[in-house]
Amino acid sequence: MKWVTLISFIFLFSSATARNLQRVARDSGHKSEIAHRYNDLKEETFKAVTLITFAQYLQRCSYEGLSNLAKDILALAQTCAANEDAPDCAKPLPSIFLDKICQVEQLRDSYGAMADCCAKEDPERNECFLSFKVLQPDFVQPYQRPASDVICKEYQDNRVSLLGHFIYTVARRNPYLYAPTILSLAADYEHALQSCCKESDVNTCLDEKAIVIKERAKKVSMKQHYFCEVIKKFGERTFKANLLARISQKYPKAPLAEIIKIVEESGGIHKECCEGDMIECMDDRAELAAYVCSKQDLFSSKIKECCEKPLVERSQCIMEADFDDKPEDLPSLVEKYIQDKEVCKSFEAGHDEFLSEFVYEYSRRHPEFSTQLILRVAKGYEALLEKCCKTDNPAECYGNAVEELNKHIQETQDVVKTNCDLLNAHGEADFLKAILIRYTKKMPQVSTDTLLEIGKKMTAIGTKCCTLPEDRRLPCSEGYLSMVIQDMCKRQETTPINDQVSHCCSDSYAYRRPCFTAMGIDTKYVPPAFDPEMFSFDEKLCTATPAERASGETKLLVNLIKRKPQMTEEQIKTIADGFTTMVEKCCKQSDIDTCFGEE
């Protein structure tokens with residue numbers, strides 16, 4: 001049985017032994033989903049989330065146009081809250097929103113083929129609409145706040161409109177950003193206004209706070225889009241396996257039954273958000289936050305301040321809170337999972353339950369590991385038991401389990417150490433070149449600009465993660481690298497790169513990063529014909545800024561390796577040094593172009 005199926009235990013365990021959250025019990029008594037959600041969220045939040053939903057689907061529409069659509073949905077919600085038997089009140093929420101979108105006049109004129117989605121039945125209709133969402137669209141300008149001399153009065157006189165425009169712009173630019181997060185960012189913006197409007201220099205104050213808000217928005221948007229892609233590519237079970245590891249790390253004092261409950265509920269909420277069902281996403285995450293806050297002593301000592309925040313800020317705060325301190329008296333896992341002579345009996349009697357508990361126990365002891373590494377360890381342990389429990393002497397067979405599982409840990413730690421040592425010893429420029437050499441050899445079919453983009457992202461990850469304390473480097477590095485790899489794999493779907501990349505992208509979520517790391521030179525690659533124009537230089541090289549010259553050098557490096565992927569490190573160094581010498585020599589000559597031609 002593959003690891004991705006193991007998490008099915010969560011469903012069995014949750015339904016058999018765990019008391020469902022209040023929401024589940026309460027939902028069964030409601031005829032109208034829209035009335036139920038409206039009563040939960042109240043008018044202002046309901047209307048804001050409705051605006052977010054429309055802005056993420058209809059990214060080209062004006063604020064006024066979407067506000068009118070939101071008002072229509074609000075009116076229906078209020079009607080249904082008063083009478084659940086009224087027309088359309090029994091419809092599922094996603095259908096209510098998509099029906100409204102399909103009623104938009106001239107939908108085809110603005111959105112072209114997206115209008116064809118309206119002919120499909122749900123849920124295919126929604127999947128069709130989701131496929132047209134555009135990440136960071138160039139037709140949507142970043143949020144422009146009102147001028148500093150009017151913004152404070154604008155906030156005081158037209159608070160709803162001011163914050164509404166902020167929410168509208170953020171939602172349009174980030175179509176996969178969850179509604180609770182967008183409202184949390186709007187709350188940050190409002191707090192900034194409240195604070196800065198008391199200052200003498202409003203603009204400088206808001207500029208400083210805007211940097212923090214933008215950085216947070218970018219980081220969370222990237223993560224949440226990544227979550228959606230993992231669910232889409234590998235399914236809910238794999239995603240929940242990852243959640244089980246993560247939540248066990250975050251709440252190491254909580255009992256397994258409570259962790260399972262949170263994993264099951266949280267997995268469903270992520271799916272709602274990714275499917276664009278933002279009203280349910282908002283309400284269900286608020287319910288989950290309320291549940292966790294009602295049991296703070298059980299879950300974490302790090303969420304007290306979060307639980308004191310208003311509804312729109314609470315859940316995002318809990319999501320971003322630090323891991324709780326690990327209990328000091330946790331016993332070694334060796335005795336229960338390796339030395340116990342009944343291991344095979346437990347494994348075979350309750351395969352899924354046994355391994356899910358192993359992930360929980362292992363994760364809460366290792367907050368310094370990435371969730372992907374924990375899943376690799378679990379997969380390795382599962383494979384070992386499947387092999388050993390069929391032998392005459394299982395205990396002898398799996399007696400070296402610690403050494404076997406440590407291979408996964410050592411590989412990951414070595415990768416992080418090697419890269420951080422390289423970055424710290426040689427700096428960002430040489431680190432970028434090393435990354436470009438590696439990845440151009442692995443996938444020379446990728447365009448030079450895309451390789452540079454990937455290289456710069458990986459360099460930024462190194463800069464960010466290698467400065468962290470030792471116990472945070474590994475989860476930071478592998479966590480962010482997984483997102484870059486996911487981006488590469490997404491491109492692979494529409495523009496196939498090579499068989500190696502295809503294999504690494506599709507084979508296993510947990511093993512993706514080691515697969516890319518171990519990838520060698522693409523032996524099937526046929527280099528393009530030599531193009532002298534690509535290696536011709538002129539006097540512009542002499543007048544270029546240091547940054548422009550460095551960019552030119554890295555592009556030359558990539559193009560060279562694309563034509564000679566078998567080049568050794570020594571040969572590459574010789575050519576790079578020769579390029580530097582050539583530039584220094586020729587830029588001193590009176591006839592620069594002739595010198596470059598000769599060299």
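The backbone N, Cα and C atoms fix where each Cβ goes, and this holds for glycine too.
Record source TrEMBL places CYS420 in a disulfide bond whose other cysteine, from CYS465, CYS466, CYS476, CYS489, is CYS466. The two recorded residues CYS389 (disulfide bond) and ASP40 (Ca(2+) 1 binding site) have their Cα atoms spaced 51 Å from each other. In this view, the densest Cβ surroundings among the disulfide-bonded residues CYS281, CYS389, CYS420 belong to CYS281, judged by other Cβ atoms lying within 10 Å. Mean pLDDT across the domain 'Albumin' (22-214) comes to 93 in this model. Residue pair CYS273 (disulfide bond) / GLU33 (Ca(2+) 1 binding site) shows a Cα separation of 16 Å. If you compare Cα positions, CYS205 (disulfide bond) sits closest to ASP283 out of the binding-site residues GLU33, GLU272, ASP283. With all protein chains in the displayed structure included, the most crowded Cβ environment within 10 Å among the disulfide-bonded residues CYS128, CYS273 is that of CYS273. Using Cα positions, the member of the binding-site residues HIS30, ASP40, GLU272 nearest to CYS118 (disulfide bond) is identified as GLU272.
Annotation for CYS476 (disulfide bond): spatial neighbours ILE461, LYS464, CYS465, LEU468, criterion Cβ-Cβ under 8 Å with sequence separation of six or more.
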